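**Student:** Relevant sequence annotations retrieved from TrEMBL are reproduced here:
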type	residues	note
TRANSMEM	12-30	transmembrane segment
TRANSMEM	36-54	transmembrane segment
TRANSMEM	66-83	transmembrane segment
TRANSMEM	89-111	transmembrane segment
TRANSMEM	132-152	transmembrane segment
TRANSMEM	158-181	transmembrane segment
Amino acid sequence: MSKKVSFKESRIFITTFLLLGTGFLTSAVPEGSLQIMTFNLLLALVAGVLFYYFWKKTKHKSKRYFSLLSYVMLNVMAIQLAIPLLRIYFLTLTFWIGVGMLIIMMTVPYFTSRKIAISIQKPGKSKLGKLYLLYVALVFLFGGSAYTNSIYTSNPDAIVIAVLGLLFSLLFLFVAPVLLIKPAEMDELTK
């Protein structure tokens, strides 16, 4: 049985401020960009509007509300965290590998979200190892390409932040589809 979520408990403001802060910080890597900052802040504000909409529609189902809130938050943070690396390596081989990895991580997890959910709930009973191996291979391929290109960049410190941002972005994109599974279906999956 789900409980009602009051507006005070909805975490709309704190989550929106988190996204505003993340957007502000990621727009400064490798150097500040007003256009990127504007995009990130608008993305955070749109997420805030979605949070309010979800609260109005699902405030009597706390599990569903917080799942949707977390889903939007993870996707917005994934976008914001991926931008710095794509800016550093714009139109290089590393850029295209990064874009490919993002596309893979934006699509494949939606087809396997139930398996991901089971692997999160019961790691020993999952055949998800193949996806993890693919992810590791992509990370090594991407890391090698990023390291090679970092030799020729003017700001090597930003690369570390940008690579970590992309890795978190990929992780968030991998986990996010699980949050779209309805609570009743999740309970059924974990039995």
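Backbone N, Cα and C atoms are what each Cβ position is placed from, and that goes for glycine too.
I'd like these features described in context: how deep, what's nearby, how far apart.
**Tutor:** Long-range contacts of the transmembrane segment (12-30) within the same chain, counting only residues at least 6 positions beyond its ends with a Cβ under 8 Å from a Cβ of the stretch, are 36-37, 39-41, 43-45, 47-48, 51-52, 55, 69, 73, 76-77, 80-81, 83-84, 87-88, 155, 158, 161-162, 165.
If you look at the transmembrane segment (36-54), the same-chain residues 6 or more away from its ends with a CB under 8 A from one of its CBs are 10-13, 15-16, 19-20, 22-24, 26-28, 65, 68-69, 72-73, 76, 79-80, 83, 87.
The list of residues near the transmembrane segment (66-83) in space but at least 6 beyond its ends in sequence, with Cβ under 8 angstroms from a Cβ of it, reads 5, 10-12, 15, 18-19, 22-23, 26-27, 36, 40, 43-44, 47, 50-51, 54, 58, 98, 102, 165-166, 168-170, 172-173, 175-176, 179-181, 183.
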